[in-house]
Every structure is written in C-alpha cells, then in structure tokens.
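Enquirer: Below is one structure. I have some questions about it.
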C-alpha cells in the first residue's frame, strides 16, 4: 500500500475522480497540450487588437476617437472578464471545463468576426473622404454584428486567461523535486509561447489582414483555436485535476458584511478576545490598520449555527486571520490605483499610434509595412529590456548595493517614469507630423515623413511595461495572503482593464470639451485636422501627477510578511507565472 501511494499525487485526481497516478497522468505531455490553447488565444486577441483601429476608420468610416474607444473597450472587457473566468473556475467549473468552454466561445467569436468582415452587407460602401465629401459610417445593425463578435472573443479570452497557466502548472507536483524542476521549464515555455503568439499576430496576421483580407486572417484564428481545442481534449485522460476550493471573493464579502452588521459594537480592549479558529502555524497576527474590519471577529449572540458547537456562520463571524487577509488585500489598493494610468498610456500604442502610422511613409524598397506591425517594436522593447535587466543591471546592482535588483515598488516607479516620457516624446513626434500635414495638405493620404519616427514612443512605453508588469506581478503575489494569490493576480489584471476603460473615458471627455460640430478639436475625425499632440501632452501631465501620488502611496505602504523579491528573470522563467492570468 505504501509503495502504491508513492505513485499518486496527494492533491490531484484523474478524469474519473480517483487519486492521480503519477506514472499515467501529468508531466510534460499534458502540459504541452495546454500551451496550444495559449498561443492561439494570443494570436487571436493581439492580432485583432493591434490592427482593429485601421479597419474601423478605413472600412467602417468611424471617427478616430470612436474607433479608439471601440478597441480600448474591447481590451478592457477582455481583462475584466478574467475575474469572472477565475471565479467560475475556482467555485464551480474547475480549470479544465473553464478552458474548454471559453475556448469554444472564442472560436465562435473569431468565426463571427471573419464573417462580419467578409460580407459586404455588414459594412458601408467603400469611399474616400475629402474636404467636400464625408463617407457614410457603419449603421447600427452593422456595428451590432461587430460588437457581438468582439465581445464573444472578449468573453472567451477572459475565461482562458484565468485558467490556462494554472491548469498547466496543475500537471506538475511541486512536492516532487523532479516535477518541480519541470514546472520551472514549463513557465519558461509558457512565456515563450505568449511572446511567439504576440509576435506572429503583429507581423504575419496583420500583414494578411492588410494584403490578403481580414476575413482570411480571422478565419485562420478561428480554425487554429478549434484545432487547439481538439488537441486539448485529446489529453483528457492524461490530465491531473485539482478540486475547486471556492473563490476568495466570497471570503472578502463575508468579512465586509460581518463588519457592517456589527458596526455599532465596541471593539474589545484586548485583541485576544477576538475570534480565532485558524491553526497556530497558519495564523496572521493582528494589525491596527483598518480597525473597522476587526468588528467582523467580535463574538456576538447568534453567530454560531444552532446544534453545531464549533461552526460559526461565516457571514456573521470571521476569524482574525480571515480579517487580516482582507486587510492585506485592502492595503494593496492605493498602489493598485496609481498603476492604472500606465495601461491608459499603453492603450494609445494600439490605437492612436497605429492610426498615426497609417498616415506616414511606411515603405522599405517595394514592401509596405502594415501600420499595425509597428507594435513589433513595442514587443521587441519588452524582450530587450528584460534581457538587459537580467544580464547587466541585476548583477551590477547586486555588486553595488548587495541586493539582487530593484524592489517591486522601484520597478513600478521606473515603469511609470518611462511611460510618462513615452507620452512626452509621442507629443513631440505628433507635433512634427502635424507640421508636415499642414505643409502638404491635411487630406494627403500618405505624408512624406518616415513612420520610424514613432519608434521612440513604442520603445519607451514597451520598456516601461517590462518594468511595471513584472513589478506589479511581484508586488501583488508577494504581498497577498497565501489563499488569495489568484485573487491578487486578478486584482493586478484589473489595472489593465481599468486602464483601457480610463482611456475610453478620457477620449470621450476630450472629444466633448475640445470638439466641434464639424468633427474638429484635439481628437478630430481625421487626425491630420486634430491636435493629438495636445492629447498626448495631457497624458504626460497626468502621468507626472500620478507618479507623485504613487510615491506617496509607496512610502505609506508597509510590507506584510516580507519575502524574497521575485525578479524579472524569475517571473519570466517561472516562480510566479502560475499566477499569471
């Protein structure tokens, strides 16, 4: 019996619900099947996002500001729905079913988008706008079909991103040294597949969209995901499954509800009188922050279920440890709030910056670079920054300061500074582009100015993402309770979501405040008639103000249960990727 038990994985079961046999389940083969889903998800989402604005402006004849908002709302919803996918996986479906269901939804979405871009009835008649002629924009029905397709993709993306990396790591037993080493290699491959999917999307797929046809490109995405689903399902008997343990969101609401219901009660003179049922080794010591929440741990009449001596009603009474876990999550919120603006800046790289590129000279010899492919410099900046940091900065910093690189809060600060500089540079570049447009005529299709002038803004914001993404991920993982790692990673991803939504809000406000009835203003229907440089300048100013607020929050924050920082190399190669959505 003892020998037999050594071949099972303690916290995993097979597809029949029996303890997972180590020799027949898990390991590299099942984990590799999951990676196919991830590369197809990246291929679809990024292939659509980075070049969608050119379709909305050039084919559907929407104003530039409206087009930008369509893209940012789509991306924001994708990341926001990651929370829904995580909740369903943790509480009801499990990761396997969640991946299968939401991958199918994304397949339907990309298929619908391929049809929407193919049928002439689903787009307005082609035309070329001029000073005397305005093109007819897409009608409500045509936009409705497009929205259905886009938000099916967003729903599928949200569900997938919440479970793919976690289900991949479920195939390895972190209590076994050999499998733990394999898990680290899996993380490395996972990041590689993300990068591969993104690079393929911004180069090959964008080229196909511009030169062959969007319906072909989106159709390839749909077929690829369908094949990936079949490959994923083929491994059903080989996977290891972890039982759902419930969502930490419920615990947070329980503490808040219990504290509100007892808001009129006085706290006891000693914290020893507060309720605690957590084993000693797992307890979190009481802190004085957010004392209002401590009321959730006050023992009152009716807190315990009738006829059950040891089980309190969790909506009426929570242990000190559960309260402290919620306090830890609340303590992350100031830093969380001050990182949202970065992703608002990021949103400009796949919207207005792509639209800028579409008006500029993009030829190299006889080859015309697709406007959406300029984001390849963004991806390259991320990879170069990661390499330079890991191979040069970290060893040098360790030699000078005795520390293995910057802290998570320092990396976030660097990312915020670089993104603000990126917007300032973007404003200067746009000022020069507008000067050329005024010289040759604002209605000129291709301005005689090189698109490579936009590389610095892509590079600065891309380098900023390398710092802020790893810094945020490190911060939210190491400073959150053990039982809320997935929740804290979801909280991190909401900064991406809200960043896109804030971008949509700012665009709408600026359009209303500076616009006019004839479609002019900072964000004119034709960016050659607008003042996009002023909008970029506004974002740079907001970035400076936000950075000052961030410094205040970073100084105020007191680290809880300090652990060795997760450096960029660790995050890329492994230790935290299991929490990456």
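Every residue gets a Cβ built from N, Cα and C, even glycine.
Unlike curated entries, TrEMBL annotations are predicted automatically.
So TrEMBL has the following annotated:
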| type | residues | note |
| --- | --- | --- |
| TRANSMEM | 43-62 | transmembrane segment |
| TRANSMEM | 74-93 | transmembrane segment |
| TRANSMEM | 100-120 | transmembrane segment |
| TRANSMEM | 140-160 | transmembrane segment |
| TRANSMEM | 190-209 | transmembrane segment |
| TRANSMEM | 215-233 | transmembrane segment |
| TRANSMEM | 329-347 | transmembrane segment |
| TRANSMEM | 367-389 | transmembrane segment |
| TRANSMEM | 409-429 | transmembrane segment |
| TRANSMEM | 449-469 | transmembrane segment |
| TRANSMEM | 490-510 | transmembrane segment |
| TRANSMEM | 535-557 | transmembrane segment |
Enquirer: Under an 8 Å Cβ to Cβ limit, what residues of the same chain, 6 or more beyond the ends of the transmembrane segment (329-347), are close to it?
Expert: 68, 71-72, 75, 252, 289-290, 293, 409, 412, 415-416, 419-420, 422-423, 461, 464-465, 468, 472, 475-476, 479-481, 484, 487-488, 491-492, 494-496, 498-500, 502-503, 506, 539, 542-543, 546, 549-550, 553-554, 556-558, 560
Enquirer: Using a Cβ-Cβ cut-off of under 8 Å, list the residues of the same chain that are 6+ residues beyond the ends of the transmembrane segment (215-233) and lie near it.
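Expert: Same-chain contacts beyond the ends: 33-34, 36-37, 39-41, 43-44, 47-48, 99-100, 103-104, 106-107, 110-111, 113-115, 117-118, 205, 208-209.
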Enquirer: Short question: most Cβ pairs under 8 Å with the transmembrane segment (490-510), which of 74-93, 140-160, 367-389, 409-429?
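Expert: Ranking 74-93, 140-160, 367-389, 409-429 by Cβ pairs under 8 Å to the transmembrane segment (490-510) puts 74-93 first.
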Enquirer: Could you tell me whether the transmembrane segment (449-469) and the transmembrane segment (367-389) are in contact, taking contact to mean 3+ Cβ pairs under 8 Å with a sequence separation of 6 or more?
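Expert: Per Cβ check, the transmembrane segment (367-389) touches the transmembrane segment (449-469).
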Enquirer: Excluding the flanking five residues on each side, which residues at least 6 beyond the ends of the transmembrane segment (409-429) place their CB within less than 8 Å of a CB in that stretch?
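Expert: Counting only partners 6 or more residues beyond its ends, the transmembrane segment (409-429) has Cβ contacts under 8 Å with 335, 338-339, 341-342, 345-346, 348, 353, 356, 453-454, 456-457, 460-461, 463-472, 474-475, 533-534, 536-537, 539-540, 543-544, 546-547, 550-551, 554, 557, 568.
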Enquirer: For the transmembrane segment (140-160), give me same-chain residues lying six or more residues beyond its boundaries with a C-beta closer than 8 angstroms to one of its C-beta atoms, as numbers and ranges.
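Expert: Here the qualifying positions are 37-38, 41, 44-45, 48, 60, 70, 74, 77-85, 88-89, 98-99, 101-110, 112-113, 115-116, 122-124.
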Enquirer: When you scan the chain for residues with a C-beta under 8 Å from the transmembrane segment (43-62), skipping those not six or more beyond its ends, what do you find?
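Expert: Here the qualifying positions are 68, 70-71, 74-75, 78, 106, 110, 113, 117, 123-124, 126-127, 129, 135-138, 142-143, 146, 150, 153, 157, 197-198, 200-202, 205-206, 209-210, 214, 217-218, 221-222, 224-225, 350-352, 354-355, 358, 370-372, 375.
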